[in-house]
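Peer 1: Dumping the structure here so I can ask a few things about it.
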Amino acid sequence: MAYPEHEHAPHSFWTRYVWSQDHKVIAVQYTITAIAVGLVALVLSNLMRLQIGFPGRFAFIDANHYYQFVTMHGMIMVIYLLTALFLGGFGNYLIPLMVGARDMVFPFLNMLSYWMYLLAVVVLMGSFFVPGGPTGAGWTLYPPQAILPGTPGSGGGIVLMLVSLAIFIVAATMGGLNYVTTVLQARTRGMTLMRLPLTVWGILVATIMALLAFPALFVSAVMMLFDKLLGTSFFMPAVVSMGQALAYKGGSPILFQHLFWFFGHPEVYIVALPAFGIVSDLISTHARKNIFGYRMMVWAIVIIGVLSFVVWAHHMYVSGMNPWFGFFFATTTLVIAVPTAIKVYNWLLTLWRGDIHLTVPMLFAIGFVSTFVIGGLTGLFLGNVSTDMPLSNTYFVVAHFHMVMGVSPILAIFGGIYHWYPKVTGRMMDDTLGKLHFWVTFVGSYAIYFPMHYLGILGMPRRYYAYDNYAFIPPSAQQLNAFITVAALVVGAFQLVFLYNLARSAFNGKPSGSNPWGSASLEWQTPENPPGHGNWGPALPEVHRWPYDYSVPGAEADFLPQTSTSPLGGDDAKPDKDTP
Amino acid sequence: MNDATLARPPSDAAARLGLWVLIAVITVLFLQVIQAYAVRSDSIDWQRLPALPLLGWNTLTLLLASIALQAAATHQRRRIALRAAGLFACAFLIGQLVAWQQMRSAGFLVAGNPANSFFYLLTGMHGVHVLGGLIAWGLLMIRARQGADITSGTRLCARYWHFLLLVWLLLYSVLFLIPPATLQVICGGG
Amino acid sequence: MALAIVLVALVISAVLFHAFSPWWYTPLASNWALIDTTLSITLLITGAVFIAVNVFIAWCIVRFRHRDGHRAAFQPDNRRLERWLIALTGVGIAAMLTPGLFVYADLIRPPPSAAVIEAIGQQWQWRFRLPGPDGQLGSTDVRFIGPSNPFGLNPADPRGRDDILISEPEVHVQVNQPVKILLRSQDVLHDFFVQPFRTRMNMVPGMVTSFWLTPTKTGRYEILCAQLCGVGHFNMRGHVVVDDETGYRAWLGKQRVTLASFTPPPRTTSTAMAGGSPTTALVSQGQALAQSKGCVACHSPTTSAGVGPGWQGLYGKHERLAGGTMALVDEAYLREAITVPNSKLVEGFQPVMPKIDLNDQEVNALIAYIRSLSTKPAATTAQQ
């Protein structure tokens, strides 16, 4: 890809930082927006925990508000924070740098993608200010409930939510086109697919999944809008709501669930795969050891991506769908555990006989492995159709998915931010504050979610505003809930440490030099740090090896950058002594 | 969503790949609705719509737009063929709007029957994608006027149009030709 | 180093927490012991993996932490080890999946001898229907639902004429008798969940879903709605009572309401209610209405506010309305609040109260009930 040298280097403040087409600036815009909206969701979660931990103590949290907080917290975290931050933030920043491109192949489309995303966020936030407030239908937005009175925000709230989702999907599609095309078309000389860092693999497969899964959500959102605004009956059966027979007829609520989870389950991996990739690279770099079983790791990512499209109905074992589906989906769901387990083993084997530097990114990466393992293991309870019966829709589910796609991706995001911050700003984030942030977040997450599993096994249903006078719930459960709330408040408050560190280090952080972690992968080999417009100066780099040549025997330094022409190490010279 | 050709890709290869990815996404989008259509058409209240003769004419205009773009992509006298393609595409969109009007005045309202709802939904979605193609076409015309080389852009535009034609033919057969029972078998039932 | 210690500490506290946790599933009351067994197998396997992974990480951190002059081993791959790990994982997965699928095969195959009952969900209350002497349930449809036919029975279906209708949120089943529970909903999704039974199913408007079990232990169990069904979701309470045979027959003998004998409460104010003074009768009718019409989902019979204001001490109180004016809660105020919902809005609440079909006499009963809560101590209101 021969770019004309610095074709449109932007000059004014506006074209440089606002209407920028530079992937690095767009990535930062995505990241800041996602973190900002994530803060809103964090506050919402603390508010709902206040009600669960200390019911009735905070009069302003009535049942309507509670359900609105639950819904908005879930939707914001899953879509507007995690998806946007991994693909729009990390994807945008890292893909061109890691594959050796000057920018995304469609920079204008990339800029448009961010502004559409921002528009989606604004529309979503707008729903807080319409009469009736935002929707309280739960992030799954199941009809008929989502659009009937009796659910908070069933007027403007749900409409704005659906519109915002549709806009978000358009934005994600624009971004996704770019990421896929850039990885496949704009790699520099020598950068074969099997020399890509696992971060790029994770983001690439997640993006392809997003491109194929989001249409299902788009379709269900549009069809639900039709049902709500035009009175069609796609998902709406004949109902008598609040004593009134409505004009709907014959629609299928289960059809919506199929469409929703056809998107919803891949969505879990859209969030998980980039996290897998980032964590692989962090562990390898900070253990000064090549990632163990690279080829297997790549295949695991691809296989997980494919399989995740045939497991969606494990969210619907008790939905009333054809019960025979249960056999198929339980089997596929448990089979997907095998490639996932391979990834965990390979992270562990990368640590084994490594030279482990417990830097802040490494702490977060190891924290990710620990929390992801517990989240993945509890998934086996829920994926196995018969054990799902007593646990479905209880706090066990809440604990499971928060561990597997709440805490662990967030830990990967934090690790990634601490790791690549010097790349973005040229400065290090504060180490002490970073460690403080890690310890509270990691231990606090265990304190919040580990006991929560037990409330689920006890049978406490999720999405309950209060648990007064249920005889089977012992009073001690309430005390445990109070404990969990306190832990959640502490963890929530300590995220301010991260924000402070993030903002302060941009100006006062220690200058990082060009490659503070001694990383072998291409993004650290730019001529300037932070990289200038066009990333690579006059000539594109040439790649001679995979990104994991750490501690190569015979080499002087403990890493060989991908651009190094040294005859040692390299993917083609992989010793494979244990294979007969 | 339809801006694959709009961002002036630095190389034809990237733009071609981008367009293919876009086509894949749009294909999945329509297949999802058709899947939903198949499931929903199983219900007892389903009443299939009659095919309007106008829709046949609209199919013809879309076909002509496709042919004109193909001519523009392969022949030298690009301008005229391009203009004709735009005209045909506009004619198609207007024809679709008239078809909606006819359906409505014949009493097939959007909320009347799920088959009606799907008709409006599917044709509407398709129309939006044609509109997106028209925007790309418009940008192409502007660039042609500025004297830029639009060979590759025209080729991509033509490819997108052929795809839209295929989608339309698929939708037409799903809506009016294939019996719901057959469709349910194809889609694996509900 | 600290991380290694913390990881080991986490594992130890997790094991201790598990051992000493008072929070565990309720004693089983159905035939689904196999679900518990599968759960135990899964817990054993996953618990072992959880401990092994965390301890291995901790050990690696201690053993391979950075020291000056130390260098990592260079080992890109080890196919044999990976194959072993995959095989081992496969075995573990199979050990969990196999029993799970066997149980599931039973879960979806009710025995032909199973008794059939029907549960109907509506925001936010439960109702039940049992087949009459003919042993069959009549067909139903939402379009038949009306004040005199809240169950939506098809009047033309002879099988439905003897169906026993239960409007209270409590149903009885017989111990050791397999029962298939058909589920219907008239508005949104609900879920019939009795934790001691282990199994459950969603209730989907527009279709009939079902699940089955054999209750094995007599007792009174709570039915929870476990599928978000709107703002009153958490208060959609019901009970299922598992009786021995004699107890069940006695209860069944008392259930006599069928479609023909189901009459909405009379329109004229008849004070000749069974037993007690007219006021007491009115109050208890109001209390029953508050339950069956779902009022209690939002209005607690205590002072605490739910979706709407609590009822205890409400009568005679001065409420601050949205906009700042004050209003005395008297009979006229309550009547307007019930019959024209949201016409006056108490400050701090949302205008979400639905209009419920009530005749004058029923409104009187509700008012009498609410009024009674302001003159009595709280203790008597907590029952039901």
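Cβ atoms here come from the backbone N, Cα and C positions, even for glycine.
When I checked TrEMBL for this same protein, it listed these features:
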DOMAIN    A:13-544  domain 'Cytochrome oxidase subunit I profile'
TRANSMEM  A:27-48  transmembrane segment
TRANSMEM  A:69-95  transmembrane segment
TRANSMEM  A:115-137  transmembrane segment
TRANSMEM  A:158-180  transmembrane segment
TRANSMEM  A:200-222  transmembrane segment
TRANSMEM  A:268-284  transmembrane segment
TRANSMEM  A:296-318  transmembrane segment
TRANSMEM  A:324-348  transmembrane segment
TRANSMEM  A:360-383  transmembrane segment
TRANSMEM  A:395-418  transmembrane segment
TRANSMEM  A:438-460  transmembrane segment
TRANSMEM  A:480-502  transmembrane segment
COMPBIAS  A:511-527  compositional bias 'Polar residues'
REGION    A:511-538  region 'Disordered'
REGION    A:557-580  region 'Disordered'
COMPBIAS  A:571-580  compositional bias 'Basic and acidic residues'
Peer 1: Quick one: find which recorded stretch in A:158-180, A:268-284, A:480-502 has the most Cβ pairs under 8 Å with the transmembrane segment (A:395-418).
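Peer 2: If we count Cβ pairs closer than 8 Å to the transmembrane segment (A:395-418), A:268-284 scores highest.
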Peer 1: Over the span of the region 'Disordered' (A:511-538), count residues by DSSP class, listing helix, strand and coil in order.
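Peer 2: Counting residues per DSSP class in the region 'Disordered' (A:511-538), I get 4 helix, 1 strand, 23 coil.
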Peer 1: Cβ under 8 Å to the transmembrane segment (A:115-137), counting only same-chain residues 6 or more beyond its ends: which ones?
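Peer 2: Beyond its ends, the transmembrane segment (A:115-137) has Cβ neighbours at 29-30, 33, 37, 40, 64-68, 70-72, 75-76, 80, 84, 88, 145-146, 151-158, 160-161, 163-165, 167-168, 170-172, 174-175.
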Peer 1: Should anything in the same chain at least six residues away from the transmembrane segment (A:69-95) have a Cβ under 8 Å from its Cβ atoms, list it; otherwise answer none.
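Peer 2: That would be 23-24, 26-28, 30-31, 33-35, 37-38, 40-41, 44-45, 47-48, 61, 101, 104, 110, 113-114, 117, 120-121, 124, 128, 134-139, 153, 161, 165, 168, 172, 175-176, 179, 182-183, 199-200, 203, 206-207, 210, 267, 270-271, 274-275, 278, 405-406, 409-410, 413, 416, 420, 423-424, 463, 523.
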Peer 1: In the same chain, who gets a Cβ under 8 Å from the transmembrane segment (A:200-222) while lying at least 6 residues past its ends?
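Peer 2: Result: 83, 86-87, 90-91, 94-95, 98-99, 162-163, 165-166, 169, 172-173, 175-177, 179-180, 183, 235, 256, 259-260, 262-264, 266-267, 269-271, 273-278, 280, 297-298, 301-302, 304-305, 308-309.
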Peer 1: Could you tell me the mean pLDDT over the domain 'Cytochrome oxidase subunit I profile' (A:13-544), as a whole number?
Peer 2: 94
Peer 1: Might you confirm whether the transmembrane segment (A:158-180) is in contact with the transmembrane segment (A:324-348), defined here as three or more C-beta pairs under 8 A between residues 6 or more apart in sequence?
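Peer 2: Counting Cβ pairs under 8 Å, fewer than 3, so no.
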Peer 1: Which sequence-distant residues neighbour the transmembrane segment (A:158-180)? Criterion: at least 6 residues beyond either end, Cβ under 8 Å.
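Peer 2: Residues 75, 79-80, 83-84, 87-88, 91-92, 95, 104-106, 109-110, 112-114, 116-117, 119-121, 123-124, 126-127, 130, 134-135, 137, 141, 146-147, 151, 203-204, 207-208, 210-211, 214-215, 217-218, 221-222, 224-225, 228-229 contact the transmembrane segment (A:158-180) from elsewhere in the chain.
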Peer 1: Could you tell me what the rest of the chain brings near the transmembrane segment (A:296-318), counting residues at least six beyond its ends with Cβ under 8 Å?
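Peer 2: The answer is 194, 198, 201-202, 205-206, 208-209, 212-213, 254, 257-258, 261-262, 264-266, 268-269, 272-273, 276-277, 280, 325-326, 328-330, 332-333, 335-336, 339-340, 342-343, 346, 382-383, 385, 388-389, 392-393.
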